[in-house]
């Protein structure tokens, strides 16, 4: 128990001789260092706030302006046009013996220079914002850049400093524009034309016209008004109504998973892998806090919004009866760990020092070696986060609002993130196709009680050292967690490394206090609620069919030879595969980002178009020449690319209609058109997984350093969820989900149709493939 006593700064006991105080120098040292570290963080935040506030200016540029003003004065040149003299006359008289005419003159010049500097910053920032409103570059053909775009790019570079911080561009990003109602309705009708017969389409046209003429103008005015004062007219409502107000389980329905590197393995030692990975994660968090991470830039010059990254760590979704809330802390010095039905609190720091990988390995090994059994009700406690939100909110209020249960729950909810240590082993074996699907299922839902689905993300560790993530969706979208994951995996492989036996480098400090077991007092009534939530979650998990596979014949290398966008190629293949699978077309959702705007998140690309359906029907007929099919395919691909660009530049369909619908609800206005649009099911929900956001290594030199992406559950009960990652020149990973309870869907069958569709389209271009 010596380590436990070190954690107490002082103790006192009352004896017949008086009060006996005992101080722990080591504990006091840690308290002191922790305080110093906290003040350092505050000072860094203040410094970054100042630097961010004056961007694209800098303290250096301020000094340059002052020196220019002072220098011109010494040369008897008044560049202020008399303003310095005016400021000098306005300064109060007799403010001390040191206020000589020279100091008054210098102070006046400093005030003038500061005013010029601030005015220049405002001008440059507004100019940069205007330049970032230009999106013509997105619609130009690859390799054919116009002179206007060249001039625009040169101006962007001139106004951007060479070393921007993570949030430097936030105030320069333009706001998401509100599209014209007529344009949105026109694009909507165009998107549903291939899905409706003539009679249904005519009825929808009438509904749309009635809405546009009678209801929409009033709703649009309120929406435009909101866009003037809000940072983003969509994002706050999207977070609240799509995510936080959802009452169904987060598991499968909302949370998504991310896979590890699957073609290489750095170590088989579970604790060692965790030591490196968690050390890398906290290094990333430190860079995030200090804003040292470079903002993601399109073309290397167009900044993407970094707002979502703020809540990556120290964030938990707190359940409520009507709506959940996101609780975000400025800092957290520990992680919560689950192993064999027990919860632990593991400190990440010793005083002000971040634990080294070998120390973290030792701490996790202590947890793995701990033989203590779970407390009553503890083993399946996390099932509360996997079940219904109302039941969890009621249980939280009834059983976790006081005493040791409150303290233990706070240790989890206030952790930097959650770590799950599994006893099973999962990995990808190319010789065993089912292995990737089993791995994905374990990440998506586990056994329904070994993940804390409310945390911003859960780091999942399998017995063989393989890892993965399960991420909550409300706080951010997949590219944000992907940015972290790329950094962590790259740091693990190329910077930290392992010994020959697979352990972390260096010797650990055995004097570290071991992780702390969280203590619970869970009554029988609460245990019954836990079991009920577990049964709900288990039924949901058992109904999910997940089929993951690596497509080996080709990747983006061959697709580029077909002179088309890789994303458009895959999306059209999905349309062909779906028609072969179901014999009909369906409303298709593809997620696109709107992060070129301030606080932008996503927009929907409706991938099922008249052009893509024409190509699919021609393929099914089998009577067209390859030249005709290629022409139809190129038209479909061009249409898809244009729709994707429109979505990225704020001219999408669904977010605008979603916000108009919410305004109608606030105003108590009934709209049959909006009600029907918002109730249409997405039977094919798709998403491309981003990669190479951080260039930590050359993929050509390390072709096996590939992650397999990740996936999510089906959006509709009778539909498919498809995510895909075009992982390299010669491979694509697919993750397909559906429900066993639907007689119309089968994930593996759909996967086979996708394979065949990709090969059939590639054959149209007669480009040799890696494998047949």
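Heads up, the Cβ atoms here are built off N, Cα and C, so glycines get one too.
Checking the ranges 22-47, 48-73 against Swiss-Prot, the transmembrane segment annotation falls on 48-73. Matching 103-122, 123-142 against Swiss-Prot, the residues noted as transmembrane segment span 103-122.
Cβ contacts within 10 Å of residue 563 (CoA binding site), excluding its own Cβ and spanning all protein chains shown: 10. Between the binding-site residues 565, 602, the minimum number of other C-beta atoms within 10 Å of a residue's C-beta occurs at 565. Among the recorded positions listed here, namely 473, 589, 602, 589 has its C-alpha nearest to that of residue 561 (CoA binding site).
Around residue 555 (CoA binding site), taking its Cβ as the centre, 20 other Cβ atoms fall within 10 Å, counting all chains.
Within 8 Å of the Cβ centroid of the CoA site, not counting the listed residues 555, 556, 557, 558, 559, 560, 561, 562, 563, 564, 565, 566, 567, the chain contributes 569. In this structure, 561 is the one among the binding-site residues 557, 559, 561, 567, 589 with the smallest number of other Cβ atoms inside 10 Å of its Cβ.
As a whole number, the greatest separation of Cα atoms within the CoA-binding residue list 555, 556, 557, 558, 559, 560, 561, 562, 563, 564, 565, 566, 567 is 14 Å.
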